[in-house]
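Undergrad: Shown below is the structure under consideration.
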Amino acid sequence: MDDQVKMPTGPLKTCPICGKPAVQATHPFCSSRCRDVDLNRWLKGSYVIPGRDDEVDDVE
(Lines of atoms letter the chains of each structure in order from A and count residues from 1; the text may use other names and numbers.)
(Lines give C-alpha, C1' and ligand atoms only; values in the text may rest on other atoms or scores of the structure.)
Protein backbone atom coordinates (compact mmCIF):
# COMPACT_ATOMS: atom_id res chain seq x y z
CA MET A 1 0.00 0.00 0.00
CA ASP A 2 1.04 3.58 -0.63
CA ASP A 3 1.30 5.52 2.67
CA GLN A 4 1.92 8.90 1.05
CA VAL A 5 -0.56 11.69 1.67
CA LYS A 6 -2.52 12.43 -1.48
CA MET A 7 -2.77 16.08 -2.41
CA PRO A 8 -6.03 17.34 -3.87
CA THR A 9 -5.96 17.67 -7.64
CA GLY A 10 -8.74 20.24 -7.88
CA PRO A 11 -8.53 23.97 -7.35
CA LEU A 12 -7.36 25.16 -3.93
CA LYS A 13 -10.16 26.20 -1.61
CA THR A 14 -10.02 29.54 0.14
CA CYS A 15 -11.13 30.48 3.63
CA PRO A 16 -14.65 31.99 3.53
CA ILE A 17 -13.68 34.51 6.22
CA CYS A 18 -10.37 35.97 5.01
CA GLY A 19 -9.72 34.43 1.59
CA LYS A 20 -6.41 32.77 2.50
CA PRO A 21 -5.82 29.14 1.41
CA ALA A 22 -7.73 26.67 3.59
CA VAL A 23 -5.85 24.02 5.56
CA GLN A 24 -7.01 20.47 6.22
CA ALA A 25 -6.86 20.74 10.03
CA THR A 26 -9.46 23.54 10.13
CA HIS A 27 -11.21 22.94 6.78
CA PRO A 28 -12.85 24.93 5.23
CA PHE A 29 -11.04 27.69 7.13
CA CYS A 30 -7.37 28.72 7.16
CA SER A 31 -7.05 28.83 10.96
CA SER A 32 -8.80 28.24 14.27
CA ARG A 33 -9.32 31.99 14.53
CA CYS A 34 -11.32 32.16 11.29
CA ARG A 35 -13.28 29.07 12.36
CA ASP A 36 -14.15 30.81 15.66
CA VAL A 37 -15.11 34.04 13.86
CA ASP A 38 -17.55 32.05 11.71
CA LEU A 39 -19.03 30.29 14.75
CA ASN A 40 -19.46 33.64 16.52
CA ARG A 41 -21.31 35.03 13.49
CA TRP A 42 -23.73 32.08 13.58
CA LEU A 43 -24.29 32.44 17.34
CA LYS A 44 -24.92 36.21 17.09
CA GLY A 45 -27.45 35.68 14.30
CA SER A 46 -25.40 37.44 11.63
CA TYR A 47 -26.15 34.62 9.19
CA VAL A 48 -29.78 34.13 8.23
CA ILE A 49 -31.31 31.31 6.24
CA PRO A 50 -34.10 32.88 4.14
CA GLY A 51 -37.59 31.55 4.60
CA ARG A 52 -41.22 32.51 4.36
CA ASP A 53 -42.90 34.84 6.82
CA ASP A 54 -45.85 32.65 7.80
CA GLU A 55 -48.36 33.96 10.26
CA VAL A 56 -48.49 31.95 13.44
CA ASP A 57 -51.96 31.25 14.83
CA ASP A 58 -52.33 31.63 18.58
CA VAL A 59 -53.58 28.41 20.11
CA GLU A 60 -55.92 28.97 23.03
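The count begins at 1 with the first shown residue.
Each Cβ is built from the backbone N, Cα and C atoms, and glycine gets one as well.
Since this is a predicted model, take the numbers as computed values, not measurements.
OK, Swiss-Prot features for this one:
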type	residues	note
BINDING	C15, C18, C30, C34	Zn(2+) binding site
Undergrad: For C15 (Zn(2+) binding site), list the number of other Cβ atoms lying within 10 Å of its Cβ atom.
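TA: For C15 (Zn(2+) binding site), the 10 Å Cβ neighbour count is 20.
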Undergrad: Can you give me the residues near the recorded Zn(2+) site, meaning same chain, not C15, C18, C30, C34 themselves, Cβ no more than 8 Å from the center of the site's Cβ atoms?
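TA: Surrounding the site, in chain order, are T14, P16, I17, G19, K20, A22, F29, S31, R33.
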Undergrad: Let me make sure I understand the structure: which of the binding-site residues listed (C18, C30, C34) has the fewest other Cβ atoms within 10 A of its Cβ?
TA: C18
